[in-house]
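Undergrad: Here's a structure for you.
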Amino acid sequence: MISINFNNFFKTLLLILIAFTLHGCDSILFNPHGIIAIQECSILLISFLIMLFVIIPVIFMTIYFSVKYRASNINAKYKPDWCDSKKIEIIVWTIPISIILFLAFVTWNYSHILDPKKSIISKYKPIKIDVVSLDWRWLFIYPEYHIATINEIMFPINRSIIFHITSNSVMNSFFIPSLGSQIYAMPGMMTTLNLMSNSPGKYKGISSNYSGKGFSNMKFTAISVLNIKDFENWIKKAQQSPKKLNKMSIFNIISLPNENHFIEYFSDVKKNLFYEIINQTYSKNKVFKH
């Protein structure tokens with residue numbers, strides 16, 4: 001006969017719950033700083049709360065049945081011929097179907113609301129940033145300011161940011177967890193991502209798709225500033241850089257594989273460099289048009 005020590009069982013369960021509740025890790029996804037990230041966090045919380053309608057009753061019934069029908073309980077009713085219950089059938093089918101339908105509606109609705117190509121409404125003019133995934137760092141081009149940077153971007157809060165993204169090497173993934181969605185960077189193609197920060201700070205940007213030996217350190221910093229003057233000063237700093245990026249030959253040199261690359265600024269960036277990079281990795285018989 002198997003005996004269960006329920007005191008130890010509940011103590012263990014309590015310790016597990018405490019471990020999950022009081023862990024010291026900072027969950028970036030649940031500490032959003034952008035309007036897209038806030039909505040994505042809402043989806044996770046809604047899905048979690050809905051799934052509790054399944055999880056909590058199952059946990060409760062598991063504990064209840066194990067106690068009620070334990071071998072030592074002589075008062076439990078023994079029904080060897082029981083095989084059907086309309087009430088149970090209704091419950092076990094109605095609740096899961098309702099949950100699936102609700103989650104399907106939420107998914108469909110938010111898939112359209114959070115379309116990465118969908119523009120974010122703002123009273124300020126959006127900032128365009130062209131993003132190129134290199135081995136193993138990120139090149140950012142500000143076409144309107146004729147500057148480029150490696151592993152650092154800056155933008156004001158409450159300003160829509162339009163990212164045009166490609167890769168000069170293998171497929172990669174562009175992701176700023178605090179601000180919102182990740183999107184793939186693919187050679188010979190362009191993807192679009194719209195984000196907006198609603199609070200100042202420095203946010204970690206990463207590659208979330210394995211791309212070789214330098215992948216783990218393929219990080220960048222996204223700086224969101226409250227004062228537009230800080231952004232303008234940062235732009236001027238880059239425009240005064242002695243390093244230029246006005247030729248494809250220069251780009252081909254800086255795009256060579258390199259790990260743990262430092263932050264770098266370039267002035268005098270070649271016009272339409274981003275699209276030339278795409279065409280360089282595209283079919284020779286086709287030209288990418290923008």
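Using the three backbone atoms N, Cα and C, a Cβ is placed for every residue, glycine included.
What Swiss-Prot lists as signal peptide is 1-24. The feature topological domain 'Extracellular' is assigned by Swiss-Prot to 25-42, 109-290, with sequence analysis given as support. Per Swiss-Prot, the feature N-palmitoyl cysteine maps to C25; the stated evidence is sequence analysis. Swiss-Prot lists C25 with the feature S-diacylglycerol cysteine, giving sequence analysis as the kind of evidence. Annotated transmembrane segment per Swiss-Prot: 43-63, 88-108, in sequence order, evidence recorded as sequence analysis. Residues annotated as topological domain 'Cytoplasmic' in Swiss-Prot: 64-87.
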Undergrad: Can you tell me which parts of the same chain pack against the transmembrane segment (88-108), counting only residues 6+ beyond its ends and a CB-CB cutoff under 8 A?
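TA: Tertiary neighbours of the transmembrane segment (88-108) are 43, 46-47, 50-51, 53-54.
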Undergrad: What are the helix, strand and coil residue counts for the topological domain 'Cytoplasmic' (64-87) according to DSSP?
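TA: Counts, helix then strand then coil: 7 helix, 0 strand, 17 coil.
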